[in-house]
Amino acid sequence: MEIAKNLQNIHKNIQLSCLNHHRDRDSVKLLAVSKTKPVEDIETAYQAGQRAFGENYVQEGVEKIEYFKTKHTDIEWHFIGPLQSNKTRLVAENFDWMQTLDRNKIASRLNEQRPVNKAPLNVLIQINISDESSKSGIQPDEMITLAKFIKNLPHLRLRGLMAIPAATDNIVEQEQAFTAMNQLLIKLKQAFPEQQIDTLSMGMTDDMASAIKCGSTMVRIGTAIFGHRNYD
Ligand SMILES: *Cc1c(COP(=O)(O)O)cnc(C)c1O
């Protein structure tokens with residue numbers, strides 16, 4: 001009940017942000033971040049029409065994918081957490097998208113391990129846009145080099161960029177980071193005009209409106225759909 005209502009509210013907010021910033025409603029996709037939440041919650045969201053889900057932990061994600069494999073064949077699964085190289089196979093074999101690609105070694109392994117009977121794995125390069133201390137994501141000036149490397153891997157398809165900017169309530173700071181990401185996406189598209197680069201994954205529960213204002217094409221929402229997470 002709650003989850004369905006929450007989804008409705010978020011769709012309303014996305015629509016409003018799109019209207020305010022002269023964007024087509026269909027230009028922003030909603031990714032439901034279901035990490036730590038039980039399969040029952042995912043099922044509820046599915047029944048309410050949600051089809052794309054994001055998971056941060058490999059093992060937990062794979063268990064959920066297994067659970068839904070025969071029940072619903074139209075769920076799109078996104079891996080959005082940090083990935084160690086010894087876990088790449090599980091991601092390559094199970095997920096549809098991998099959003100946190102940040103080095104050659106992971107890209108090579110995902111490419112080698114992607115089953116040939118599956119569509120290429122959609123990947124996003126994660127950019128460390130504001131949080132210098134975080135180890136996740138590459139620096140903006142490393143983007144083109146990594147994109148060139150990915151281009152030569154036939155079982156990966158580079159679709160765009162992803163970022164988790166430093167959390168802040170300051171709208172100006174939020175927009176600075178998101179605008180910088182939008183400019184990087186433009187640069188990436190210009191460098192690889194023949195590739196289907198169409199995705200800018202940014203915006204979470206607390207900064208979704210700023211992200212949409214600045215060009216996000218995929219917001220990743222957890223708390224506002226499923227409630228607070230309990231990590232115990
Ligand atoms: C947990 C998480 C989210 C969702 O965050 P909320 O604030 O709960 O909406 C989005 N993106 C990533 C990468 C996450 O780890």
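Every residue, even glycine, has its Cβ placed from backbone N, Cα and C.
As recorded in TrEMBL, the features of this protein are as follows:
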- 6-229: domain 'Alanine racemase N-terminal' (DOMAIN)
- K35: N6-(pyridoxal phosphate)lysine (MOD_RES)
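Regional average pLDDT for the domain 'Alanine racemase N-terminal' (6-229) in the model is 97.
Residues within less than 8 Å, Cβ to Cβ, of the residue listed as 'N6-(pyridoxal phosphate)lysine' and separated from it by at least 6 positions along the same chain comprise G54, E55, N56, Y57, E60, G61, G81, G222, R229.
Look at K35 (N6-(pyridoxal phosphate)lysine): DSSP puts it in coil.
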